[in-house]
Amino acid sequence: MWRWLHPYAKPEATYRLNQKLLPWFAVPGILLLVIGMVWALLFAPADYQQGESYRIIFVHVPAAFWSMGFYMGMAIAALSAVVWQIRTAEWAILAIAPIGAVLTFISLFTGAVWGKPMWGTWWEWDARLTAQLILFFLYLGVLALYAAFEDERTGAKAAGILTLIGTVNIPIIHYSVYWWNTLHQQSTISKAITRLEKPSMAPEMLWPLVVCIFAFMLVASALVLLRLNNEILKREVRRPWAQAELLEEKH
Amino acid sequence: MQFDSFSSFIAMGGYGMYVWSSMLVTFIGLGALAIEAKWVRRTLKREAQAQQARAQRIQRAKRASTQ
Amino acid sequence: MTPAVSIRTHMKALIQRDLRVAMRQRSDLLNPIIFLLVVVTLFPLGVGPEMNMLARIAPGVIWVSALLSALLGLERLFRDDFRDGALEQMLLMPLAVEWAVLAKIAVHWLLTAVPLLVLAPLLALLLNLPGEAWGALWLSLLLGTPVLSSIGAVGVALTVSLNKGGALLSLLLLPLLIPLLIFATAAVETAANGLSPAGPLALMGAITVLAVVLSPYAVHAALRVSVN
């Protein structure tokens, strides 16, 4: 059943597959991103309560959504790296981690900027914001652990184990943070905002949001493919196939 | 179209600063990742070129010494 | 094939050895506890000596200080054994490595948590924690410290081969310990408000069981990476 996957443990095969897949992610990704942003910024109606400020949602939600999604992708790569010792999977961890960290940062920044006009404060210890901040720390931990090792193979393996430990912990952290937030409900503003978001979105707002979520997935995946191929070439730069691949490029 | 003029589009109903700074940070973040990937690829290409040049030099030197 | 020596004898020998080694460096054991006392003393000086406020922040202060002081002495868990090669021996023992790891965690817990448990009433006294909450504080420390030792062991196992592990260790471990902090302080706070702390304490118990059962496996995997 898994035999078809086996060749992709070979770096060259993975590289070729990634090169083939790249345009299928990058082109529709950028296209959808442009469509989604134009739709979101120009055509979606203003929110009757939040006015135009709610348009931040069209970058905030996709970034937050995929910051978690890409952690799960990183966890799958880490599992393959730790259990089956697949080297390409180790490099995939390193390819995904910075992208996940940037997505988490984007969601935190846009969340804070959205909070200022809505809640009157840049930072609210809202459960979702807090959980996101902890996710950011987890990403930073993985990157820092990898960077601390001189031997990059050891570093990648250690980062993989840490990723898996984080995966076990994420549900516990989420649950505890939400629980903690309901325990300390002094802030009425934060309650107001969660109540405000409860009613389902109007379709003319929901559709551009769906487009943006898809676009972020495609663009971020294209970035993962680019970075993964760079990681592969970094290790294989002395091999003939990698030399040929790098030298035949035009620009 | 929700906005009747370009200036009202920029103003975003008074929230322009918040909306546009969010967009800016988002696209700087994603753009930086893409540019970094391009840079790494370029350094790798230079490395490959340097290696190729070195291999050719060695071959030339070998040929010269056998003659 | 039955092993010549049982798991219990192995564990006992390991625990005795670790205790003996630790007793040779008593300052290593005392320093985190003194650090904890000093940090707790700093808070009234920093935020003012008003008794009501101290009582309100006491659970958080005691627990955050306990976390920080636990990080301080954590490296000792595997560092010396890594340097003198005893760790490699441990990985080669005719005993599942997980048991040996569990023995080390148990020793670490005995050496760091027991002094903390003895000291807890003094800390509660210094910060004017209401009398009703003392029991909850003590129980939360009793349930929480095994988590500190076992999750800490994973972090140390990952970073033991690095020379500059200290700050990195905190970056790795503190996010993972957040649930513990949340439930522990919640237990003490609910008790201080005159309510039953059973709920948060039960959740802490679940975390403790999970951490103690799973972490030896993670430590084993991490040590195999660190000890090449």
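Residue 1 is the first one shown; counting continues down the chain.
Even glycines carry a Cβ here, placed using N, Cα and C.
TrEMBL labels come from automatic prediction, so no person has curated them.
According to TrEMBL:
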{"type": "DOMAIN", "residues": "A:29-184", "note": "domain 'Cytochrome c assembly protein'"}
{"type": "TRANSMEM", "residues": "A:21-43", "note": "transmembrane segment"}
{"type": "TRANSMEM", "residues": "A:63-84", "note": "transmembrane segment"}
{"type": "TRANSMEM", "residues": "A:91-114", "note": "transmembrane segment"}
{"type": "TRANSMEM", "residues": "A:129-149", "note": "transmembrane segment"}
{"type": "TRANSMEM", "residues": "A:161-180", "note": "transmembrane segment"}
{"type": "TRANSMEM", "residues": "A:205-226", "note": "transmembrane segment"}
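Residues 18, 21-22, 25-26, 28-30, 32-33, 35-37, 39-40, 43-45, 47, 54, 57-59, 61-63, 65-66, 69-70, 73, 92, 95-96, 99, 103 of the same chain, all 6+ positions outside the transmembrane segment (A:205-226), place their C-beta atoms under 8 angstroms from a C-beta of that stretch. Here the transmembrane segment (A:161-180) has Cβ contacts under 8 Å with residues 71-72, 74-75, 77-79, 82, 93, 127, 130-131, 134-135, 138, 141-142, 145 of the same chain, all six or more residues outside its ends.
Sequence-distant neighbours of the transmembrane segment (A:21-43) (same chain, 6+ residues past either end, Cβ-Cβ under 8 Å): 55, 58, 207-209, 211-212, 214-219, 221-222, 225-226, 229. Residues of the same chain lying 6 or more positions beyond the ends of the transmembrane segment (A:63-84) and with a Cβ under 8 Å from any Cβ of it are 9, 90, 92-93, 96-97, 99-100, 103-104, 106-107, 110-111, 128, 132, 135, 138-139, 142, 156-157, 159-161, 163-164, 166-167, 170, 213, 216-217, 220, 224. Residues belonging to the domain 'Cytochrome c assembly protein' (A:29-184) score a mean pLDDT of 87 in the model.
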